[in-house]
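> Quick paste of what TrEMBL says about this protein:
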BINDING   N7, E400  Mg(2+) binding site
BINDING   K14, D289, L290, R291, G337, I338, G339, E340, N341  ATP binding site
REGION    364-383  region 'Disordered'
SITE      H188  site 'Transition state stabilizer'
SITE      R247  site 'Transition state stabilizer'
Amino acid sequence: MLILVANLGSTSFKYKLLDVSGDLTADVRPDDRVLARGAVERIGDASTSRCEVTIGDYHHVSEMPVPDHGVAVQACLDQLTDPEHGCLKDAAEVSAIGFKAVHGGRKSGTFLVDDEVLEAMAEMNAAAPAHNPPYIAAMTLLRERFPNLPLVAAFETEFHDTIPEARRAYATPPGWRENYQVQKWGFHGSSHRYIAERAAELLGRTDARIISCHLGGSSSLTAIQNGHSVMTTMGMTPQTGLPQNNRVGDFDPFALPLLMQRSGKSLDELLGELASQGGLKGISEKSGDLRDIESAAASGDAKSQLALDVYVEEIRRHMGGMIVAMGGVDAIVFTGGIGENSDVVRSAVCKNLGSLGIELDEQRNSNHRGSLPPENANKGEGYLQTENSRTQIWVIPTNEEWIVAKRTLGVLS
Ligand SMILES: Nc1ncnc2c1ncn2[C@@H]1O[C@H](COP(=O)(O)OP(=O)(O)O)[C@@H](O)[C@H]1O
Ligand SMILES: CC(=O)OP(=O)(O)O
Ligand SMILES: [Mg+2]
């Protein structure tokens, strides 16, 4: 049985075609179930989109303009059904498409995509402007193109349903939560759930206190206890928490009326700017992509250095809150495009935390691969702590698609 998983990130489109036949708890690595995978990076940055596809032994990288996620989804279908290199004769060979959908508001969980689900997502467009519209567009396109193929939305908020009330409620006026669903929802649920599952395997225990740092185009931290989310940095919308690639992160709403008076701009204009011209891009005045920021900072660009510093300070501030909330931390896990690749960010986040029992080994940080015997490790995994560190520090490449595939299968059956 084949499931295609579509992961539309704020800056990327990733997909995996997975064979989910047989017993999923059996000892087959999730990676061995992948028949094809592809990724388009830097979507919207039309001149430089990088498109990568791997189908069996065929691997191809190209650069082409990919202005939006619709073009990326179409390119994925073309790759999979390509007569020469593709692995599908017909899309009907796929049993379902699972989406790592973001904000369903009143719909938090995993659902077959129908008019009601699309409506619930559309209601949250204003709350998730970088995420919900492309998902709705992709789902609508695929529903038209393959009317008999089940589409499943696995919303990112579901993993956070276990967060206690005291960490979900905003101190808002009466009725806002009940009437308008104003609360901390949390996102990146599939990634944080995968980290919870994989870290339990690597640590050999299910009761560890873990801080999962998903750092990418969008970034969030989640505190995990006994496998459950108990605290997270994103709130009502994926614009909150840490500074995002081009979205603001935490911000004071009372700055808005002042900004309207002083700039003469409307509320919509200002919100649009906060959701597309803020975050790392806003501070650096250069780029929302950490690769660009790191290299500019290394060549002495002060604004890029400030963007990097603000990002790291925000991660450390939230991490501190999570350590207190859990009464300690057994493992810190870095994942996502930045968490997996930036030794600069990992090193800065863990700096001077020896008194808390958190000690990063700089050599392992710049070369963590190979710290585990290959038979125990998935690609890219490794630990980074010193021998004396009480807290383990890991890089674990996320596998959001595996979680979405399992959740999709759950809905089908
Ligand atoms: N080698 C690298 N060094 C530093 N940052 C990187 C590297 N590779 C990727 N990134 C960062 O990862 C981000 C993409 O992360 P990803 O988790 O794929 O994002 P999303 O799913 O939100 O689109 C890029 O914006 C870039 O900042
Ligand atoms: C919130 C979310 O799902 O973020 P992204 O897909 O951009 O990582
Ligand atoms: Mg992502």
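Count begins at 1; order follows the chain as displayed.
Glycine is no exception: its Cβ is also placed from the backbone N, Cα and C atoms.
For each listed feature, how buried is it and what is near it?
Listed in sequence order, the residues of the same chain lying 6 or more apart from N7 (Mg(2+) binding site) and placing their CB within less than 8 Å of its CB are F13, K14, Y15, F99, K100, E400, E401, V404. In three-state terms derived from DSSP, N7 (Mg(2+) binding site) belongs to an extended strand segment.
A helical conformation is recorded for N341 (ATP binding site) in the three-state DSSP classification.
Outside the region 'Disordered' (364-383), and at least 6 residues removed from its termini, the chain residues within Cβ reach (under 8 Å) are 29-31, 198, 202, 340, 343, 346-347, 392-397, 399.
Counting Cβ atoms from all protein chains shown, H188 (site 'Transition state stabilizer') has 33 others lying within 10 Å of its own Cβ.
For R247 (site 'Transition state stabilizer'), the same-chain residues 6+ apart in sequence whose C-beta sits under 8 angstroms from its C-beta are S10, A130, S218, P238, Q239, L274, A275, S276, G278, G279. Classification of R247 (site 'Transition state stabilizer') by DSSP places it in coil, neither helical nor stranded.
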> Cα-Cα separation of L290 (ATP binding site) and H188 (site 'Transition state stabilizer'), in Å?
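Given the Cα positions, L290 (ATP binding site) is 19 Å from H188 (site 'Transition state stabilizer').
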> Where does L290 (ATP binding site) sit in the DSSP three-state scheme?
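Reduced to three states, the DSSP call for L290 (ATP binding site) is helix.
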> At the Cα level, what's the spacing in Å between G339 (ATP binding site) and H188 (site 'Transition state stabilizer'), rounded?
14
> Quick one: what's DSSP say for H188 (site 'Transition state stabilizer'), helix, strand or coil?
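In the DSSP reduction, H188 (site 'Transition state stabilizer') maps to coil.
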